[in-house]
Amino acid sequence: MGFIFSTEKVVYVLLLIFVCLENFGSNAQLLPEDEVQTLRTIFRKLQNQTVNIERTSCSDQNWNFVVESASNSPTSNITCDCTFNASSVCRVTNIQLKSFSLPGIFPPEFGNLTRLREIDLSRNFLNGTIPTTLSQIPLEILSVIGNRLSGPFPPQLGDITTLTDVNLETNLFTGPLPRNLGNLRSLKELLLSANNFTGQIPESLSNLKNLTEFRIDGNSLSGKIPDFIGNWTLLERLDLQGTSMEGPIPPSISNLTNLTELRITDLRGQAAFSFPDLRNLMKMKRLVLRNCLIRGPIPEYIGSMSELKTLDLSSNMLTGVIPDTFRNLDAFNFMFLNNNSLTGPVPQFIINSKENLDLSDNNFTQPPTLSCNQLDVNLISSYPSVTDNSVQWCLREGLPCPEDAKQSSLFINCGGSRLKIGKDTYTDDLNSRGQSTFSSVSERWGYSSSGVWLGKEDAGYLATDRFNLINGSTPEYYKTARLSPQSLKYYGLCLRRGSYKLQLHFAEIMFSNDQTFNSLGRRIFDIYVQGNLLERDFNIAERAGGVGKPFIRQIDGVQVNGSTLEIHLQWTGKGTNVIPTRGVYGPLISAITITPNFKVDTGKPLSNGAVAGIVIAACAVFGLLVLVILRLTGYLGGKEVDENEELRGLDLQTGSFTLKQIKRATNNFDPENKIGEGGFGPVYKGVLADGMTIAVKQLSSKSKQGNREFVTEIGMISALQHPNLVKLYGCCIEGKELLLVYEYLENNSLARALFGTEKQRLHLDWSTRNKICIGIAKGLAYLHEESRLKIVHRDIKATNVLLDLSLNAKISDFGLAKLNDDENTHISTRIAGTIGYMAPEYAMRGYLTDKADVYSFGVVCLEIVSGKSNTNYRPKEEFVYLLDWAYVLQEQGSLLELVDPDLGTSFSKKEAMRMLNIALLCTNPSPTLRPPMSSVVSMLEGKIKVQPPLVKREADPSGSAAMRFKALELLSQDSESQVSTYARNREQDISSSSMDGPWVDSSFSEPGKDVSLQQQEEGRSSSSSRKLLDDLTDVKIE
């Protein structure tokens, strides 16, 4: 019995062990072996060594952890679903591996995890692209923000209809968005910012009616903001910053009643737009419509957005007063209305606010009595008057010096402590404020900072070298910097007038120099100096050749005409804003150096030696002048009979060249070096033995303009010395060769720069156009008023303005210039000029004064702003010239529509309006009402206000002005039909032969033959228009 009992006991124990083992196996919840191998391959390709993959990993959770040591902490979180096969088999459903800086590729083996719903590989260092195998799995969430993934948008993602969240931000993806994205009808979040996507937003995205968040900041998109965004009625956040898209904001945006955050910035367009209708968007918390070409008043209903925390309407064309309803915005923390044209008083509730408000650069008519260093309200340059001394200096336009301007140099250690570098002491700049701040401790300089950090409102405005990038040999000021989320301006104050050398010191110290996600940031911003664009899309690390390396952007010849030098750094929505952390983007600068290009008067008297030197030099110059006069008048050596000898005898303050030199320079007048055909003959490009490039004008033996006229021209030009006139280097007179040697201007003519073929055009930015316009004006002012001889050019047009290597304007072709005597202003026998540029009184009556040049300048000024030719551009059939269209736009209050669309929004609206109004003032039909060129220069430089126009087309009830214009139009048409056939052919010949050089002929009249005479000889069909002109000669336009 004992044995039997023992046997039964053993069997019972064995059965019990078997049941226990079976139960244990069923509760183990193991991963299938094939999934284990897939996961091991994935982790190996990701180069992640922190996780061991076993079949039991879903149970022991050894792969789930967070490192709490830093911001953006490395996070590993892998989730399993163990409900398969009676809860005995597990499948991986979610994989999060964030902030590990994993350096591998995106493994295609992810597509073998058949139950995977989420992949989050944010903030790593992955390269390559997203694998096509993902279309095999029921993926719902994909996030790869902050990597190095590249290539086109993965088209396979459009086939994964289960996707609800896609985040590809801060990578290197390129190309257009695929149309099949519209298949993702379950999509709730589509985040694509900080890539290089191009093209338009596909219309198929109108199907994404479940979207709650769409962000595509900083991509180079094209086309207009699509109207179909109104279909996204569940949308809560829309970000379209810095996309290069065109306005206006579509009316359908009013359908997005669930929006809480709307950010649209830096729109392009040919005209300003009305404020979009947002009256239904009452859930708004953050509203940013910066630099969107919005005009008109701020709507009252904005004050009814009770949850509004941030409002940014800066850099638009807003007018009117700040709505009184804004006093109801109890929730707001930040308001930016700077750089508009707001008027009226600043409301007291604004001044009393304890929040951050930027109202700088406006036109408020009743300035408040505030400190220049007001903590919470920035009102710098918000009052248009410059001279009203009852207003604080910092509130006035241009920040005029409150005392005599005595400063001539400035050194600032931006964001750092006081430093001495060599002989220069850099002042400290340690104010930590920056949301809406103006700070000026010493009234020698100041800064104005504006903006709030995206996603991290408490981020700082001073930067330090957190990654220890700056080595010991680099100047100390590169270890610190000031930065701003939107706009950062530095002002050099109380500077003496004159030319300065400006050095802007940069070093990128907020991104790392290693193979981690901390190195993947891209900081991009624009730089303006004195209101002129200096750098677009400036990237410090790219220009310096890496992070932690210094880069100096030097600008020589910065002109201070008042007493302030302004440096403006502006973020335009491009680059990254989440690397290494949120709040790291926007303009950054390390130091500023300003030194004079002029000798600073120390007040010390001249030494006796210096006085003696000046006296001796003055006597020598006087003696030479007497000899020149005696020689020219024949009292010294007598006048020569031979004309060539007479030319040799001229002392023209120029150099003398031998024919051998000229032949060698031009390769014996090789046709390959011919760059144009002037009124006196061909023009050749040449290179002298010392390497200097010249332009040689050769007097043609066939020219009907004799050597005597050549003498007149060379004598006149040699006496004219001005930076904005083509310079005469010298001449050559040997045998029958009569040659003029001019400076060679590398960038050809203004006409070619503006109207040439795509290959020829220079795509001039706004600051260059403004500089060119001022240069032409200064050159003409010199000819009319400053030179010893009063000279009228008679043929100012874009082809007669040449551009040097630095794109400075120089007036050319004085072959048509005429010495003008006040007693003889009516020239009845010869009209020299170009149709479309000639003043009416000159074209119709032959009446010539310097005001004819003023008229022509006005036309050229319009062309510079618009980028369109006055004679070739016809927006509508009823408008003959660009000028006619400009008059209409002026009456409609839409002059800014004339601005060249190629400029986008990258121009100064204030300067553009100033230039356009000056152009129309210069083209006044009455010559007596046109300003002198010296006044035009002052108006262009902002020294005096632009005079209001005295002639308006609508103020002409009798229609006489329209009749006169019609008569001029008929005459122009007659002239073109009869005269310009020869002229056009000739001009085509010249332009075709002058593409390599700046020299082009400016005259449409046949050499030796007047336009008026040609018309009489070649046809009589103009009689009707002439009779009409005769009937109107006494009509007075008022």
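Including glycine, each Cβ sits where the backbone N, Cα and C put it.
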- Task: Look through Asn85, Asn747 and state which residue has the annotation N-linked glycosylation site in Swiss-Prot.
- Result: Asn85
- Looking only at Cβ atoms, how many others are within 10 Å of the one on Asn127 (N-linked glycosylation site)? 15
- Message: Rank aside, I only need the closest one: which of the glycosylation sites Asn112, Asn127, Asn258, Asn363, Asn561 has its C-alpha nearest to that of Asn77 (N-linked glycosylation site)?
- Response: Asn112
- Taking the Cβ of Asn258 (N-linked glycosylation site) as centre, how many other Cβ atoms lie within 10 Å? 14
- Nearest of the glycosylation sites (Asn196, Asn339, Asn363) to Asn471 (N-linked glycosylation site), judged by Cα-Cα distance: Asn196
- Task: Find the one among the glycosylation sites Asn48, Asn85, Asn112, Asn127, Asn561 whose C-alpha lies closest to that of Asn339 (N-linked glycosylation site).
- Result: Asn561
- Query: Using Cα coordinates, what distance in whole Å links Asn561 (N-linked glycosylation site) and Asn255 (N-linked glycosylation site)?
  - Reply: 50
- Query: Looking at Cβ-Cβ distances, which residues of the chain lie under 8 angstroms from Asn196 (N-linked glycosylation site) while being 6 or more apart from it?
  - Reply: Leu172, Phe173, Thr174, Asn219, Ser220
- What does DSSP say about Asn255 (N-linked glycosylation site): helix, strand or coil? helix
